[in-house]
Amino acid sequence: MSVPQDNTKTITMDDWYKCRLDRKVLKAVTRRNDRDALLHFSGFISLVVASGVLAWLSLGTLWCVPAFLLYGTIYAFAEAIEHELRHRTPFRSEWLNESVHWLICFMTWREQVYSRWSHAQHHTYTHLTATVPSDVELAVKRPPNYLKLATDFLRISHGIHHLGNIVLHSFGIVSNKAKAVVPPTEFRAMCRNSRVILALYAVVIAWAIVVHSWLPVVFLLLPRSYGAWLHEFLALTQHTGLRENELDHRFSTRTLRLNRFLQFLYWNMNYHVEHHMFPNVPFHALPQLRKAIEADLPPAYDGLFSAWGEIVHVFRMQRHDADYMVTPRVPGNAAAHDPESVGDQPFVAQTR
C-alpha cells in the first residue's frame, strides 16, 4: 500500500503489512529470556575490555593506531545494543533492561526516554517521507548529501543532535525535536536522565583535566566517534536507496547475510525486515523468525558488498534522477503493483 503525498492521516502499526505467522510460532519467537541476552552482553563487554587492554598496552608505540581503531570499532557497536534496549526486548527482567540501558546510553551519547520515543516514531513511519509527520530517523535523503554522509561515519550530526538534546534537557529546556515525539508526561524523566548522563560526562572530562591526560576521554567518550565506521556501514544498509512511502517493510528495508562475528556485534539487526515487521521479537529469535516467514520475503542480500553495491548504484542514478529508488523482489501479488505510485513523486524502479 502506497502513501499519498502530504498525507496527514494518522499511521499506526496496524496499517503495515505483516507476513502470516502461526500463533504458536509467534508466541515462541516473542518469548524473552535473560540467559541469551546476558551471554551476548557479557561477550560484547569482554571484547570491549580486551580490546581496551590491548589499546592501553600499545600506548607509546605505532601499534596504538590500529589498537585504538579496533577498540573504538568494537565499542561503537554499543549502538546496536542500545537499539535493542529501546524496545525493552533483550532481557526478560525489566530491571536488567533498565540497568544495562544506563551504561549503554553513556557509551552511545544518548538518553533513554528520547531515544525510545523517537525510535517508536521511526517504526510507525519507517521510510515515509510523504506523511506528516515523517520518519525522524531517515538516514539518507534524496538526493544524498555526501558531506553529511561522510561525517556520519564519525557520528558528528548524531553527536550534535543527541548531545545537544542532553545539554538542553539537563537545564529543563525541551527541544523541538523532543516535543514532536515525546509525550509531555515523560519530560520530567527525560530531563532527569539527561542531568545524570551529562554529569557522568563532566566527571570524565574533569578526570582528564586532573590527571593531565586525554586518555579518559579517548577511552570513554570518543570511541563512539572514531570507531563508528563499521557500525555505520551496516546501519546505512537498513533502508538507504529502497522505496519510500510504502506501508510494507519488504519494499523499504533490507535483510543481509553476515558472518557470525559481525552478526554477533550487530545483535542480529541484519535481520532488519523481520525486526520491523515484528518489533517485539527479541534479537536472539530473529533467525528463527526469518525461517518461519522467508517464503513471503525478498531474498536476503549476500553481505555488505552486495548491499553497498546497490546503494552506490542508487547514488549514481540519483545524480541525474533524484527520485530513483530500488524495488526489491517481493514474492506474490505485492510485487506486481505499480512501482510509480509512491505518492505524487514518480521514480524509476530497479528490480534486483
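Cβ from N, Cα, C; glycine included.
Here the structure is a predicted model, which means the values were calculated and not measured.
What TrEMBL lists as transmembrane segment is 37-54, 60-78, 198-222. Annotation source TrEMBL lists domain 'Fatty acid desaturase' at 63-305. Residues or ranges marked as region 'Disordered' in TrEMBL: 331-352.
Summarising model confidence by region, the domain 'Fatty acid desaturase' (63-305) averages a pLDDT of 97. Within its own chain, the transmembrane segment (198-222) has Cβ neighbours under 8 Å at 52, 55, 68, 71-72, 106, 166-167, 170, counting only residues six or more beyond its boundaries.
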